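S.K.: Here it is, the structure, as structure tokens.
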Amino acid sequence: MGTCDIVTEANISSGPESNTTGITAFSMPSWQLALWATAYLALVLVAVTGNAIVIWIILAHRRMRTVTNYFIVNLALADLCMAAFNAAFNFVYASHNIWYFGRAFCYFQNLFPITAMFVSIYSMTAIAADRYMAIVHPFQPRLSAPSTKAVIAGIWLVALALASPQCFYSTVTMDQGATKCVVAWPEDSGGKTLLLYHLVVIALIYFLPLAVMFVAYSVIGLTLWRRAVPGHQAHGANLRHLQAMKKFVKTMVLVVLTFAICWLPYHLYFILGSFQEDIYCHKFIQQVYLALFWLAMSSTMYNPIIYCCLNHRFRSGFRLAFRCCPWVTPTKEDKLELTPTTSLSTRVNRCHTKETLFMAGDTAPSEATSGEAGRPQDGSGLWFGYGLLAPTKTHVEI
């Protein structure tokens with residue numbers, strides 16, 4: 001980047017940096033800084049609190065410890081770390097254009113938050129793949145507990161490998177009396193190393209996983225939409241089942257679209273900057289970056305909200321987590337939702353419904369592997385738990 005670069009020298013969240021530095025005189029009024037600080041503080045509080053509660057709901061309740069939910073824990077942990085270690089510190093650096101946090105933390109900021117971002121996206125992709133196998137190929141063997149842990153470990157290792165170049169070339173420099181945390185890329189003609197790394201990273205952390213999730217969820221949606229009980233009209237329980245399937249597809253589309261919308265402007269910002277560096281010389285670019293970075297970081301706080309709004313078990317978990325608040329009153333139903341049940345009739349009687357609901361995600365990963373060979377095992381406590389009672393009839397829990 002050129003000397004007008006205001007926020008990309010430590011581009012802590014996704015990427016590519018320049019091998020030049022420059023002091024920037026950009027500043028903003030105190031009232032404007034206070035507004036941005038309030039917006040970022042609210043983001044961090046919501047994201048950290050929401051994702052911490054999601055992790056607690058799953059790990060503290062045996063009924064929620066399923067294969068898919070372990071991926072959700074991984075996703076929540078990554079989002080929590082990204083909000084706590086990336087959003088706040090990068091906001092301070094972007095708003096002041098001075099690095100206050102030392103050399104060691106400069107290395108850390110160019111490794112761990114980027115790793116967390118990669119883990120977040122890859123965890124979403126793993127969830128999509130798990131849902132694809134559970135719904136499109138329900139009789140294929142499912143992931144065991146050791147396999148799930150191996151996949152999660154693999155995600156972290158790949159993420160660390162992708163983030164390591166930025167950490168390796170990170171350094172702290174002095175630029176006209178101002179301390180900068182920069183990524184000093186090797187000298188090359190025309191900045192090809194920077195551009196190549198930038199394009200590869202964006203492809204791997206955005207376009208590729210987004211394409212995989214789009215294909216997976218499209219096939220899942222088509223499979224659910226076409227799957228119907230033969231010989232019966234859509235009324236009563238069948239109609240409710242059809243409505244549940246539609247809600248399931250809409251939820252998946254919402255998750256993918258939220259991710260895509262939050263991150264697309266941010267990536268376009270850096271793609272444009274790679275080809276037209278003079279855009280960073282405009283005074284308004286500081287406000288543009290702060291807005292785009294807030295939008296990208298806000299993706300870390302939406303998932304807990306989606307879980308709470310669209311899944312009754314997570315909603316019960318959130319009520320239990322906030323039971324100390326005077327306006328939140330958990331019920332016995334909330335506790336029962338997170339307590340393992342021993343019979344299907346108990347669930348049906350408690351819900352006072354004639355519908356037959358089944359959720360194979362009630363078993364933990366270790367228990368799921370001990371079932372019959374070829375038996376469909378669904379590890380979902382979130383995605384409207386799906387399973388088969390018979391080869392000709394499907395059930396979706398809402």
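Numbering starts at 1 and runs along the chain as displayed.
In case you wondered, yes, glycine gets a Cβ from its N, Cα and C as well.
Straight out of Swiss-Prot:
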type	residues	note
DISULFID	Cys106-Cys181	disulfide bond
CARBOHYD	Asn11	N-linked glycosylation site
CARBOHYD	Asn19	N-linked glycosylation site
LIPID	Cys324	S-palmitoyl cysteine
TOPO_DOM	1-32	topological domain 'Extracellular'
TOPO_DOM	57-69	topological domain 'Cytoplasmic'
TOPO_DOM	91-107	topological domain 'Extracellular'
TOPO_DOM	130-149	topological domain 'Cytoplasmic'
TOPO_DOM	171-196	topological domain 'Extracellular'
TOPO_DOM	219-251	topological domain 'Cytoplasmic'
TOPO_DOM	273-290	topological domain 'Extracellular'
TOPO_DOM	311-398	topological domain 'Cytoplasmic'
TRANSMEM	33-56	transmembrane segment
TRANSMEM	70-90	transmembrane segment
TRANSMEM	108-129	transmembrane segment
TRANSMEM	150-170	transmembrane segment
TRANSMEM	197-218	transmembrane segment
TRANSMEM	252-272	transmembrane segment
TRANSMEM	291-310	transmembrane segment
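Tell me about the surroundings of these features in the structure.
M.R.: Residue environment of Cys106 (disulfide bond) contains 24 other Cβ atoms, counted within 10 Å of its Cβ in all protein chains.
Shown in sequence order, the list is empty: the chain has no residue 6+ apart in sequence with a C-beta less than 8 angstroms from the C-beta of Cys324 (S-palmitoyl cysteine).
Under DSSP, the residues of the topological domain 'Extracellular' (91-107) split into helix, strand and coil as follows: 12 helix, 0 strand, 5 coil.
When pLDDT values are averaged over the topological domain 'Cytoplasmic' (219-251), the model yields 65.
Residues 10, 12-13, 40-41, 43-44, 47-48, 51-52, 54-55, 58-59, 101, 105, 108-109, 112-113, 116-117, 119-120, 123-124, 126-127, 130, 148-149, 151-152, 155, 293-294, 297, 299-301, 303-304, 307, 365, 379, 382 of the same chain lie 6 or more positions beyond the ends of the transmembrane segment (70-90) yet place their CB under 8 Å from a CB of it.
Non-local neighbours of the transmembrane segment (150-170) in the same chain are 15, 17, 70-71, 74, 106-107, 109-112, 114-116, 118-119, 122-123, 126, 143, 181-186, 197, 201, 204-205; each lies 6+ residues outside the stretch with a CB under 8 Å from one of its CB atoms.
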S.K.: Can you name the far-off residues of the same chain, 6+ from the ends of the transmembrane segment (33-56), with a Cβ under 8 Å from a Cβ of it?
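M.R.: Cβ under 8 Å, 6 or more out: 72-73, 76-77, 79-80, 82-84, 87-88, 91, 95, 290, 294, 297-298, 300-301, 303-305, 307-308, 314, 317-318, 321.
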S.K.: Going along the chain, which residues at least six beyond the ends of the transmembrane segment (108-129) come within the CB cut-off of under 8 Å?
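M.R.: Counting only partners 6 or more residues beyond its ends, the transmembrane segment (108-129) has Cβ contacts under 8 Å with 10, 12-15, 68, 71-72, 74-75, 77-79, 81-82, 85-86, 89-90, 101, 151-152, 155-156, 158-160, 162-164, 166-167, 170, 181, 183, 204-206, 209, 212-213, 216-217, 255, 259, 299-300, 383.
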S.K.: For Cys324 (S-palmitoyl cysteine), name the DSSP secondary structure in the helix/strand/coil scheme.
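M.R.: Note: Cys324 (S-palmitoyl cysteine) is coil by DSSP, not helix or strand.
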S.K.: Cβ under 8 Å to the transmembrane segment (291-310), counting only same-chain residues 6 or more beyond its ends: which ones?
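M.R.: Same-chain contacts beyond the ends: 7, 13, 36, 39-40, 43, 46-47, 50-51, 53-54, 72, 75-76, 79-80, 82-83, 86-87, 90-91, 94, 120, 247, 251, 254-255, 258-259, 262-263, 265-266, 269, 318, 382, 384.
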S.K.: If you run through the topological domain 'Cytoplasmic' (130-149) with DSSP, how many residues end up as helix, strand and coil?
M.R.: 12 helix, 0 strand, 8 coil
